[in-house]
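Notes to accompany the following structure.
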Amino acid sequence: MEDTIVAPATPPALSAIALIRMSGPKSLEIISSLLRKSFKGEPQRLYYRKLYFGEELLDDVVLSYWKSPRSYTGEDMIEISCHGNPYIVERILEACLKKGARLASPGEFTKRAFLNGKMDLTQAEAIIDLIHAGGMLALKSAQALQSGGLSKELLRIRAELIDILAEVEAYIDFPEEDIQPEVGDQLIGRLLAMENKLSTLLSSAPLSRVLREGVTIVLAGSPNVGKSSLFNALLKENRAIVSPHPGTTRDTIEAECRIGSFLVKIIDTAGQRVADDQIEAEGIRRAQEAVKRGDLILHLVSAPDDPSTDPYVLPQLQAQQKVIAIASKADLGIHPANKDKHALSIVTGMGLEELEEKIKKILESFFPMDFSYGVNPRQQAALAKMAEALNKAILGIKNSLPPELISSELHECLERVGEIVGLVSSEDILDKIFQKFCIGK
Ligand SMILES: Nc1nc2c(ncn2[C@@H]2O[C@H](COP(=O)(O)OP(=O)(O)O)[C@@H](O)[C@H]2O)c(=O)[nH]1
Ligand SMILES: [Mg+2]
């Protein structure tokens with residue numbers, strides 16, 4: 001990397017402090033050219049300085065210097081803390097650009113960190129998750145990935161693959177010999193254990209989506225049962241219009257909030273009834289769509305009324321979708337047929353905290369006790385291809401296919417590991433083979 005890049009690291013808004021980052025071989029030279037008081041550049045120390053561009057004072061700043069290779073990117077880096085005024089940030093950036101830096105593209109600092117071997121791909125990706133984590137589990141998952149949880153697991157699998165490949169490829173050199181059944185069984189056992197680990201990793205993908213995008217909670221039921229009132233109560237703000245007129249909510253409304261340590265997306269829907277007009281009909285169609293997509297459905301009926309007279313019909317749900325049946329307006333009395341539902345009153349607040357507790361428990365139940373991290377879609381796609389190849393390799397051994405075919409499937413697995421972690425190698429497989437077998441055998 002020849003050029004020196006610069007970019008603001010904080011959003012363009014009024015704030016106490018803003019941070020500008022610069023990375024590359026000319027970082028020290030560029031910053032020095034903006035100083036009047038010389039800058040020795042001892043690494044990992046803070047310097048309070050005034051920045052000038054020519055005669056013009058840019059700002060009082062605090063500089064920190066990170067010397068290659070002991071920096072985030074692995075290159076020489078300067079971080080400039082200035083006053084949190086977007087205009088000041090712009091002028092400092094401009095000065096750095098005029099002195100020879102180039103504006104960094106999105107993610108370029110982390111990309112350099114990866115290319116310089118400061119982190120692997122999964123760790124680089126975890127940094128994005130870390131920034132977006134909206135709840136405790138999401139944060140823990142990002143932290144586990146960032147500290148190399150997935151790479152360590154994959155590198156163990158990789159070592160095992162290389163070992164197995166060495167055995168399989170030994171047969172390629174001796175075409176007259178088939179893989180002996182006992183060797184085959186033992187290899188299959190090891191590959192099955194690996195397949196197991198892969199399917200555990202793959203099963204974390206939907207959870208990882210939930211962590212990134214939030215769990216979707218959908219409020220469903222007839223008009224006027226108190227869905228919008230509950231929506232506002234869960235959000236603790238008046239987002240949706242509440243009115244005694246049925247059909248007030250005509251579209252779906254979405255809002256994000258936190259319940260317990262989870263980021264959730266709550267969707268308020270138009271109640272289902274015979275629509276008066278096209279707009280309402282479209283709202284009802286969207287409501288049905290939302291219910292089908294929800295992770296958790298809060299199905300409301302009016303507590304004092306006989307539920308058999310309620311026209312709302314919950315659509316067919318998938319197995320993993322959860323439902324809480326709620327008897328709302330419980331302050332107005334509870335019909336005997338609604339006794340087993342969760343009694344709730346937005347007016348008195350009765351049952352609201354308990355409802356949040358129930359929701360929290362259900363959200364927690366989506367995650368296994370030992371959940372540590374979730375793989376992202378890119379990793380999931382590569383893992384799925386890997387699992388497929390692994391499966392073919394297992395079948396190949398079972399069906400006594402030529403070792404070349406089995407080896408090629410195992411190579412495919414290795415490539416996928418390389419793709420996920422961001423390393424590519426095939427030479428070390430050869431090394432392994434020659435380490436295990438002496439010449440002449
Ligand atoms: N008594 C009582 N009235 C409620 C309660 N929740 C909502 N309402 C009233 O029921 C009417 C319909 O509420 P709304 O939230 O708009 O229902 P939606 O059509 O299902 O969204 C409004 O007049 C609310 O004030 C409750 O817990 N108790
Ligand atoms: Mg409503």
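All positions are counted from 1 along the displayed chain.
Just so it is clear, glycine is given a Cβ too, placed from its N, Cα and C backbone atoms.
Whatever TrEMBL says is automated annotation, not expert-curated.
Fair warning: this is a prediction, and the values are worked out from it, not measured in the lab.
Feature annotations, reproduced from TrEMBL:
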| type | residues | note |
| --- | --- | --- |
| BINDING | Arg21, Glu79, Lys118, Lys441 | (6S)-5-formyl-5,6,7,8-tetrahydrofolate binding site |
| BINDING | 224-229, 243-249, 268-271 | GTP binding site |
| BINDING | Ser228, Thr249 | Mg(2+) binding site |
| DOMAIN | 214-364 | domain 'TrmE-type G' |
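Structure with TrEMBL features highlighted.
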residue	record	CB count, 10 Å
Arg21	(6S)-5-formyl-5,6,7,8-tetrahydrofolate binding site	20
Glu79	(6S)-5-formyl-5,6,7,8-tetrahydrofolate binding site	21
Lys118	(6S)-5-formyl-5,6,7,8-tetrahydrofolate binding site	18
Asn224	GTP binding site	21
Lys227	GTP binding site	28
Ser228	Mg(2+) binding site	25
Ser243	GTP binding site	12
Pro246	GTP binding site	13
Thr249	GTP binding site	24
Ala270	GTP binding site	27
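Among the binding-site residues Lys227, Ser228, Ala270, the residues whose Cβ sits under 6 Å from any atom of ligand 1 are Lys227, Ser228.
Lys118 ((6S)-5-formyl-5,6,7,8-tetrahydrofolate binding site) has Ser228 as its nearest neighbour among the binding-site residues Ser228, Ser243, Pro246, Thr249, going by CA to CA distance. Only Lys227, Ser228, Thr249, of the binding-site residues Lys118, Lys227, Ser228, Ser243, Thr249, Ala270, place a Cβ under 6 Å from an atom of ligand 2.
Distance from the CA of Arg21 ((6S)-5-formyl-5,6,7,8-tetrahydrofolate binding site) to the CA of Asn224 (GTP binding site) is 54 Å. Rounded to the nearest whole angstrom, the C-alpha distance between Pro246 (GTP binding site) and Arg21 ((6S)-5-formyl-5,6,7,8-tetrahydrofolate binding site) is 55. Nearest in space to Ser243 (GTP binding site), taking C-alpha to C-alpha distance over the binding-site residues Arg21, Glu79, Ser228, is Ser228. Checking Cα-Cα distances from Thr249 (GTP binding site) against the binding-site residues (Arg21, Glu79, Ser228) with a 10 Å cut-off leaves Ser228, in sequence order. Averaged over the domain 'TrmE-type G' (214-364), the predicted model reaches a pLDDT of 89.
When the binding-site residues Lys227, Ser228, Ala270 are ranked by how far their Cα is from the Cα of Glu79 ((6S)-5-formyl-5,6,7,8-tetrahydrofolate binding site), Ser228 comes first. According to DSSP, Lys227 (GTP binding site) sits within a helical segment. A straight line from the CA of Lys227 (GTP binding site) to the CA of Arg21 ((6S)-5-formyl-5,6,7,8-tetrahydrofolate binding site) spans 47 Å.
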